[in-house]
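Engineer: Before I ask anything, here is the structure I am working with.
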Amino acid sequence: MYKKQAPELNFTSGRRYVTSSTTGMMRLNSKHYNKALAFTIKERQLLGIHGLLPPVVRTVEEQVRIYYAQLVSLGQDLAKYLFLLNLSECNEVLFYKLLDAYTEKCLPYVYTPTVGLACQRYSYIQEFPRGLYITFKDKGHVCNVLQNWPESDIRVIVVTDGGRILGLGDLGANGMGISVGKITLYTAFGKVRPHQCLPICLDVGCNTDSVREEPYYMGLKRKRPPVDEYDEFIDEFMQAVVKRFGQNCLIQFEDFANNDAFRFLEKYRYQYCMFNDDIQGTAAVGMAGIISALKCIGTDLKSQRILFQGAGEAAIGLAQLLIIAFEKAGVKKDEALNCIFMRDSKGLIVKERLADTLSDNKLIFAKEMPFIFKLEDCIREIKPTILVGASAQAGSFTKEVLRLMTSFNDVPIIFALSNPTAKSECTAFEAYTNTKGKCLFASGSPFPPVEFEGHTRYTSQANNAYIFPGIGLGATACCIRYIPSEIFLIAARTLADFCTPEDYAQGRLYPPLTKLSCCAFEIAISVITYAHINNLSTVLPRPTNVRTFLKHQIYDAKYEPVVPPWLNPNLNQNEKIRDNCID
């Protein structure tokens, strides 16, 4: 007697429902199942949608080329952002196929720098319910609001309160655009299944008058609450996430104001599975660039002096990660601190400025030396080997600053990490021109290649997309308890190892953006391995083959057949579901 086996689960498809439960019209109207002109004639007939589509049948590759041609024909960046946003709501698979095929061309329009412009205009362009809005008025009922999200298997949350969107300041509820953009990259490159990702905006008000008083502003038209009430609200949110989605749901904090970001990171980092991308993600990608630059020069970290222009989340996050790297290299913490200098809007951070009430995060980097205000004078005194811009002050790396760096270093390392592009400390052209082509340069925003003295220098974008998708994939795959700081150093080293001698010869400090998915996968492997070694993984038993285990966790953007292979009588006999003989 023979008994049919149940169909094998397809772990890489991302399918969420039983195939037979979705009708033809449901498929056409669902972003998860719509194939548009890729439905075969037989599928159209079986689903009862024959005649509702033109007779032509196209492959997904043809669809990708057609939609890319439409994208490049659009003139304005915001129009391209909206085009891609609409595609993601109509045909999910095609959207991610397009991102995969044309990563370098599409990334600027779903993420930085265009996402900054989109956030500024979000009250005018918001059309689809892309995420969950939880307002301060929901205080006491946050868990009920989370219950309204239709998916229960949420593995990754990107949450913002819009307090400091890129370098644009407090945008309130318009900050949802950042959460949506980050979540998109979790699926595009981290391959976390889209239905397992949730963007959230915590609308607690907005302190920017021009934003809050905009006639069509879609958020709460009130100022932000006192700190104690605000913290109670965030506490309730964190507890509600665990209650609704479980302790292992990863919560990525995004674009909170500086003081709030550091406070919540210290408060929650060992209590929840969470991290702050502005502090830790930016630190990891910056660290990877420094590792690559030092490889190019042929020197080590011990001999470096690093000067930061800016002392916010990104700068302090990278400085803290540098201390960990120094200690791993055998340098004591006190000696490491002596190699790191910071300058904020009031000048060099020194101990005589204590009367100015420096925050605790800055105090650790205060130096016992005379106060210096101008950046140029700081460079003359400190003679840094690495200059890192994270100030959101456009043009602060002046011609004089860049030439001074060249006068003290054969190969100056210059990072202008602020974004969007309008906030960058300098452009790639300015960096290469004013250092006579000697510098190793990276920026937070994308810049075109620069022709200098007959050589093409490809600019390196220190894009957080190199880091957080892999961190998220690894953390969710192994259900990590919490995320230690050392993981970000491991991620940075993994990313830097992707650079080839050819990349270095072209001036790249990061691998091409076309390798983002590969980078995410390898970073995830490193995260899982670290979690297992340090008993942070809650997945038991531990997988014997981590790579195979991870491959079964990832999303594969592909069209599913209407008739599952195991029900298709036209398949080869060897491809059918095998019968299981029982006694």
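Just so it is clear, glycine is given a Cβ too, placed from its N, Cα and C backbone atoms.
TrEMBL entries are annotated by machine, without manual review.
Per TrEMBL, the features are:
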type	residues	note
DOMAIN	88-269	domain 'Malic enzyme N-terminal'
ACT_SITE	Tyr111	active site, proton donor
BINDING	Arg164, Asn419, Asn463	(S)-malate binding site
ACT_SITE	Lys182	active site, proton acceptor
BINDING	Glu254, Asp255, Asp278	divalent metal cation binding site
DOMAIN	279-532	domain 'Malic enzyme NAD-binding'
Engineer: Of Arg164, Lys182, the recorded positions given in the record, which has the fewest other CB atoms within 10 A of its CB?
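Structural biologist: Counting other Cβ atoms within 10 Å of each of the recorded positions Arg164, Lys182 gives the minimum at Arg164.
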Engineer: About how far apart, in whole Å, are the alpha carbons (Cα) of Glu254 (divalent metal cation binding site) and Arg164 ((S)-malate binding site)?
Structural biologist: 9
Engineer: For Asn419 ((S)-malate binding site), list the number of other Cβ atoms lying within 10 Å of its Cβ atom.
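Structural biologist: A count of 26.
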Engineer: Work out how many Å separate Asn419 ((S)-malate binding site) and Lys182 (active site, proton acceptor) at their Cα atoms, rounded off.
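Structural biologist: Just about 15 Å between their Cα atoms.
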Engineer: Over the domain 'Malic enzyme NAD-binding' (279-532), what is the model's average pLDDT?
Structural biologist: 94
Engineer: Could you list the residues of the same chain, at least six apart in sequence, whose Cβ is under 8 A from the Cβ of Asp278 (divalent metal cation binding site)?
Structural biologist: Arg164, Phe253, Glu254, Asp255, Phe256, Ala261, Glu313, Ala314, Gly317
Engineer: Excluding Glu254, Asp255, Asp278, please set out which residues of the same chain place their CB within 8 Å of the center of the CB atoms of the divalent metal cation site, keeping sequence order.
Structural biologist: Thr160, Arg164, Ile165, Ile178, Phe253, Phe256, Ala261, Asn276, Asp277, Glu313
Engineer: May I ask for the distance between Lys182 (active site, proton acceptor) and Tyr111 (active site, proton donor), taken between their Cα atoms and rounded to an integer number of Å?
Structural biologist: 7
Engineer: Between Asn463 ((S)-malate binding site) and the residue listed as 'active site, proton donor', how many Å separate their Cα atoms?
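Structural biologist: Cα of Asn463 ((S)-malate binding site) to Cα of the residue listed as 'active site, proton donor' measures 10 Å after rounding.
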Engineer: Among Arg164, Asn419, Asn463, recorded (S)-malate binders, what is the largest CA to CA distance in Å?
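Structural biologist: Pairwise Cα check on Arg164, Asn419, Asn463 gives a maximum of 18 Å.
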Engineer: Please determine which of the binding-site residues listed here (Glu254, Asp255) has the lowest count of neighbouring CB atoms within 10 Å.
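Structural biologist: Each of the binding-site residues Glu254, Asp255 was scored by Cβ atoms within 10 Å; lowest is Asp255.
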Engineer: What's the number of neighbouring CB atoms sitting within 10 A of the CB on Asn463 ((S)-malate binding site)?
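Structural biologist: A count of 25.
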Engineer: So what sits near Tyr111 (active site, proton donor) in its own chain, CB-to-CB under 8 Å and at least six residues off in sequence?
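Structural biologist: Counting only residues 6 or more apart in sequence, the Cβ neighbours of Tyr111 (active site, proton donor) under 8 Å are Gly181, Lys182, Thr184, Leu185, Asn463, Ala465.
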